[in-house]
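Peer 1: There's a structure below that I have some questions on.
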Amino acid sequence: MATEDEGELSARYQNTLDALSSLITKRSRLVNNNQSQRFHLLLHYLKVLELEDAVSQMKIIHVAGTKGKGSTCIFAESILRCYGLRTGLFTSPHLIDVRERFRLNGIEISQEKFMDYFWCCFHKLKERTSNETPMPTYFCFLALLAFKIFATEQVDVVILEVGLGGRFDATNVIQKPVVCGISSLGYDHMEILGYTLAEIAAEKAGIFKSGVPAFTVPQPDEAMRVLNEKASKLEVVEPLDSSQRLGLQGEHQYLNAGLAVALCSTFLKEIGIEEKNGLNQRSGLPEKFISGLSNAYLIGRAMVVPDSELPEEIVYYLDGAHSPESMEACAIWFSKQIKQNQERSQKISEQILLFNCMSVRDPSLLLPRLRSKCIDHGVNFKRAVFVPNVSVYNQVGLSSNNDRRVDSIAWQFGLQRLWDSLARGGAKSNSASVSKGEQEEKSFVFSSLPLAVAWLRDNARQSKQVRFQVLVTGSLHLVGDLLRLIRK
C-alpha cells in the first residue's frame, strides 16, 4: 500500500502530466510555411528560458533518419558512457512514461527532477505567452525541457534524436553539433516530408551544418545524391561485422551500430579523448566501444517477454516496427527467434500476430511485407489479433490526442479484412502442397487490448501442451500498452 508521501508524489506527477497534455494539439499535416513559423519561435523560447548560451556550448551528436535513429543514439550513448563521460540522451517516442525520453548517464530522469524542471520551464513560458507567441507545442516543449535538463545537469555530451524529419524539427535549433548522422531512409510521414526519397532525404539533411562532419549508412541512389549535395563532408559507413555482440537484437542493428561507432569515433577525436581508430574494424574496436555496444538497451525493440501470469505458455515478442522496411526487419528477427526456440524446446509452438497500426499508416504496405517475410523464413501465423489504436495505459496524458478514426473498431475490421485476403491468397497458391488443416488461419478483432490478452490467456490455459509465441508489432504505442498491462 502506498504511503501518504508516495500518494502525494503520484498526484503531483499526474498533475504535471495533465499540464503537459494541455500542450498537445490536434495533429495537422502542416505545410512548410507553418512549420517554419513554429520553428523560428524556438529561438524565442530559448531566450525566455535563458538557454541560448548553454545550448550553444553543448557538445552534441545529432541523429536523424527514418528507421534506426533511436537505436543508433542508444548505441552511441552507451559507448560514450564507457569513456566516463556524463551523458544526456533525448529520444522519442516513449512507451510507458514520458520520462523515458530523458536519460542521464543511461538512467531515465526521476519523477522529482522531471517535475522540478518541467514546472520551471512551463511557468516561465506561460508568463510570456501572447497571441503572437503561444505556448510551445508538445514535442517542442519536450525538446526545450531536454535542453534545460542537460544544461542544468552539466552533461559532457548530448545525444539528440530527431523527432520528425530534420529541417524543422525542434531539436534542430542547435547551431553547431560536433557530428551529425543519418540512419536508413525510407517512406514515412510522407504527407509532411514528401512523397519521394529525394524530398524525404532533403528534409532529413536539414540537420547538416557547415563544417560539421556527417555520416550516413548506405542509402538508395535517389536519397544518397541529395545527402551528398546537402552535406559539407559526408562519409558512408558499413555495418559492423556480425561477430560483434550487440545489446540490441536483429541483423539490422549492425548497420545502426556501425553508424554509432563512426559518430562516437569522430566525437571522441573532436574533443581530444580518442584517436579516430574506432572506424578501422580490421584492427579491432577499442574495448570501451565493444563494451558499450554489447550493453546497449532499448525498451520496445526486439524484446522477448514472458507473460506475467503464464510464462511457460505465452511469450511475447515485442518490436515497435511501423514502416515497411522495419516491418521486414522485424519479421526476420521474429523468425530467427522462433527457429532458435524450436531447437531448444520440446513444446509444440503456435505463432500468433497481435497487431495495431495508426490510421495515418498504410497497412497494405505493412502487413503483406510482414507476412511474406515470415513465410519466407518458415513461420506461419496460426491466428492474427487486431486491437484498437487508442491507448488508455500510456503514461503521457495522450487521451486528448486520440486518433478519432478509432472511436469505433471499424479500423481494426479493415485490418482484419486485409489480413484475411492475404491469407486466402496464400492458401490458394499453396493449395497443392499444404493440407486443409494447415491452411486454416483465423483472425480476430477485440475492442481493447486487455480483452485480447485475457483471450490469449484463456486459450493458453486450455492448451497446456502448446506455447503461444505472440509477435506484437505495428505500433510503439501497442508495445508500450502491452508492457504496462502484463507487468501490473
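The backbone N, Cα and C atoms fix where each Cβ goes, glycine too.
From TrEMBL, here are the annotated features:
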BINDING   Ser92, Glu161, His189  Mg(2+) binding site
BINDING   Arg301, Asp319  ATP binding site
Peer 1: Measuring CB to CB from Ser92 (Mg(2+) binding site), give everything in the same chain under 8 Å that is also at least six residues away in sequence.
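Peer 2: Correct list: Gly70, Arg101, Phe139, Leu142, Glu161, Gly163.
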Peer 1: Can you name the residues of this chain that are 6 or more positions from Arg301 (ATP binding site) yet have a C-beta less than 8 Å from its C-beta?
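Peer 2: The list for Arg301 (ATP binding site) reads Gly70, Ser71, Leu248, Gln249, Gly250, Leu318, Asp319, Gly320, given in order along the sequence.
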Peer 1: How many neighbouring Cβ atoms, not counting its own, are there within 10 Å of the Cβ of Asp319 (ATP binding site)?
Peer 2: 24
Peer 1: Have a look around Glu161 (Mg(2+) binding site) and count the other CB atoms within 10 A of its CB, chains all included.
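Peer 2: Within a 10 Å radius of the Cβ of Glu161 (Mg(2+) binding site) lie 24 other Cβ atoms.
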